[in-house]
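Colleague: Below you will find the structure I want to go over with you.
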Amino acid sequence: MFRVCNCLFIILNIFSLLFALVSIIYTLHFHINGASDCQRTLKTPLMVVGILFSVVSLVGLIGTLCKVTFLLGIYSFIAFLWIVGLIAFTFFVLLVTRDGDHSHWLKGQFANGRNWNNIQSCMVYTHACSSLGTNADLLAQDFYKRKLFPIESGCCKPPIYCGFEYKNATFWVMPESGPEVPDSDCTTWSNEQDKLCYGCKSCKVGVLASIRSQWRAFSELMCVQIVLVNIIYCISCCTRKNIQSDNSVYYRVNTILAIFNCVTLLTGLVIMGLGLYIFARGGATGCDKALQNPLIIVGAAITAISLLGLIGSCCRVNFALTLYSILLFLLLLCLIGFAVFAILVTNESVGKAFSKTKIMDFHNWLRDNLADQKHWNDMKSCAVQTKICQDNNHKKLSDIQSGCCQPPVSCGFESNNATFWNRPKTRVAVKYSGDCIAWSNQQDTLCFNCESCKAAYVVTSRKEWGQLAIANTCFIAFTIIFYSIACCARSNNKKDSHHRYRGKATWFCFWQVVVRKQFLDNQTRFYLFSLKPRPQTQYLLRDGFDLLYFRNCFPL
């Protein structure tokens, strides 16, 4: 029976683990689909924060569920360092924002060089001034009465002292005589919506003022976070003390199994999250759609199996471990079957030998499946969308680039560049084959309809399947190891069940008072008298009755 402190600690770490997974998936989305300048600034911090939170949360969960005080000690130490870091960062924020908009550190970091170019690009990308132009009929006197944010005031309109004529919020006309004040901001202003006053000094002042106010608000949020981390630190210490006082029997093999399943659970959630993201996005490419269902199915299967292993090893539920062992055994059979099949379809000599048995044409299986019209159309669409021929300028070409991104050498075409070839004016000694006719200089066609392209995909697939067969052998070895560990953990749980009455965390005990009566015909009858005996209470019994005490325990 877990204590309240332990349960609260587990809930907090589950929430932090979910937050970490969302951060990692969001960063992977940036990496796969590309990112704007604004998003690129978030990519590295999000990935680092996601990985750190994942590791720390897993350490806390494994330490609590598997009763490993060493891991909880590491967790408490990390929480202490986190508190120190938050306090130091809060003081740093207060120091760099105390001088207002003129802080030298803020100017050096945000108003100069490469960082400022990124900020400008980000403001253009997010249309920072679009909110000003929502009301095109707004009069000048009404516009001047509006309360603008620092960025809107500095970046979205020219300075008032320039004397420009107001047309609308983001369109101003310079006087024929020029600006009233010879200032660089007046000449920098442009009515183009992707320029405006983003290059003005007033824009830098507005950005610095906005950053200062946001950092001030962030410092207040950091104070709240310091309090929360202190609470988590106290809870982790309380949990560690509870586990140290628990005398239940536990084995290292259960801990190893729990750690392995935590890692696979995290992997399964990330894989399933990517599949669900592709499904939810709707506008996925053909390549993405080909991965969607396998990612969801594989991720859900890994997550379900890992949860069974975690529940069985940490909570000592033998039924869950038995089911986990059965699923691992079935997975082992599937991996062995796939490894044998991959060897048959990728090894020419073995494939030809088994094809003679008339069971299946293993030797030509890859070619027949890849050349199938439906599959080949999907592969062509994927190759076009991924722009596989963009890197065709390299001297060393892959098999696919050689077969799909240029016409066959036998056609005698003249090269203008890597993906643009001219047919010879005279067809002397050149007999056009199907691939020569199929070639097109259109970048979405090229030689994707050529037989040489199909042959290149077959060769590449055979190589990749051969490598996959080798990796599959490693997976088989790991699965056998953890199948053995699962069987050992199940055996430990059975042994541990004989000692559970010692631990208050898993067994509930109570006393019964029973009255016994011995009759003359040697028959004995028992009567339940009380569930909670009171030693101070005097029980009045008639002659021939005995008072018995029984201690009953049952697992929770």
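Note: Cβ is positioned from N, Cα and C throughout, glycine not excepted.
In TrEMBL, annotation is done automatically, which means it is predicted and not curated.
Bear in mind that the values here come from a model prediction, so they are computed numbers and not experimental data.
Copied straight from TrEMBL:
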- 7-26: transmembrane segment (TRANSMEM)
- 46-65: transmembrane segment (TRANSMEM)
- 72-96: transmembrane segment (TRANSMEM)
- 217-235: transmembrane segment (TRANSMEM)
- 256-279: transmembrane segment (TRANSMEM)
- 291-311: transmembrane segment (TRANSMEM)
- 323-345: transmembrane segment (TRANSMEM)
- 468-489: transmembrane segment (TRANSMEM)
Colleague: For the transmembrane segment (7-26) and the transmembrane segment (217-235), decide whether they are in contact, meaning at least 3 CB pairs lie under 8 A, counting pairs 6 or more apart in sequence.
Modeller: yes
Colleague: To the transmembrane segment (72-96), which of 46-65, 217-235, 256-279, 323-345 is linked by the most Cβ pairs under 8 Å?
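Modeller: The listed stretch sharing the most Cβ pairs with the transmembrane segment (72-96) is 217-235.
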Colleague: Any chance you could find the range in 46-65, 217-235, 468-489 with the most Cβ pairs under 8 Å to the transmembrane segment (323-345)?
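Modeller: The stretch with the most close Cβ contacts to the transmembrane segment (323-345) is 468-489.
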Colleague: Same chain, outside the transmembrane segment (256-279) by at least 6, Cβ under 8 Å from its Cβ: which residues?
Modeller: 17, 21, 24-25, 28-29, 54, 58, 61-62, 65-66, 288-289, 291-307, 309-310, 313-314, 482, 485-486, 489
Colleague: Taking a Cβ cut-off under 8 Å, which residues six or more beyond the ends of the transmembrane segment (46-65) line up next to it in the same chain?
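Modeller: Distant contacts of the transmembrane segment (46-65): 6, 9-10, 12-14, 16-17, 19-24, 26-27, 71-72, 74-75, 78, 236, 239-240, 243, 255, 258-259, 262-263, 266, 310, 314-315.
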Colleague: What else in the chain is close to the transmembrane segment (468-489), if you only count residues 6 or more beyond its ends and a Cβ gap under 8 Å?
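Modeller: The answer is 251, 253-254, 256-257, 260, 309, 312-313, 321, 324-325, 328-329, 331-332, 335-336, 338-339, 342-343, 346.
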